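The structure appears right after this line, and notes come after that.
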């Protein structure tokens, strides 16, 4: 198989993966742009936002984004008059630049277009089925595509390194033009900046689903978990830490025996699920406690606020994971404490049911 065919196969794989993301997590967007959560993320004309990080149907920039645009979307469009002052990292069916990008553009798409009025002040790195440049790329361009077309109004201020069928106005390139067959394997720089956002979107969707099940089936128990975290967070966190450390040690000890190996495997799966429930309960409980200061007592709102906040905090470098760990310890401790309290109540009820009445003993 030729390098061009391999590259095309990779592009198709990326497109399929993108569609799967959109199908499995419809309308989920993690955006610090303030443009909302939905099928489409739109920065309207005259609007200015800090940055856009999204998994959505379409991302359209008609206004100004002062930071980066990171998107996995059906279409990513910087419209005429739109401006991105940072970088654009995009995976989409179509990536279209008709406005200005002050930083770099890195894209994996079915079609990439830099329109006649489009300007990329930095470098362009792209893997696509078709790439058309009618606008300006001030820096270097690195492109792998089946077809690369340079229009009459195109201008590339740096070097062009490409793999594919290069057509059109090659005089548009101010620097050197080099064909490089190795471009077919160099998609990691495009995908990696978006990987954490894709993972966060999947985790948020899964956590929301689990949280809805927990609150719907066990509303009283869930309220008890939140109450434990609010009333005694230190003791609850210590219990969570003990469980998080002690159970794996116990499972390892059981696995040292031949008969204990299958038991430890089942136990590991059960423990992993317990920790997951602890994550969801922890974020729910902390959000419920925080909302109580505003005299808001709504478990469903607490669930959404807690899980969204946890997903965003997890993306904060260096400290995000630690903060989420503390919240998980609270949730795990409250969960285990609630289960133990429930077990004691059941045993006490059984004991009381079997105890004879005073009158019966006399007879």
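Glycine is no exception: its Cβ is also placed from the backbone N, Cα and C atoms.
Just so you know, TrEMBL annotations never went through curation; they're auto-generated.
Here the structure is a predicted model, which means the values were calculated and not measured.
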Feature transmembrane segment in TrEMBL, mapped to one of the ranges 160-185, 238-263: 238-263
Among ranges 122-141, 322-341, whichever one TrEMBL labels transmembrane segment: 322-341
Helix, strand and coil residues within the domain 'DUF8173' (197-336) as assigned by DSSP: 123 helix, 0 strand, 17 coil
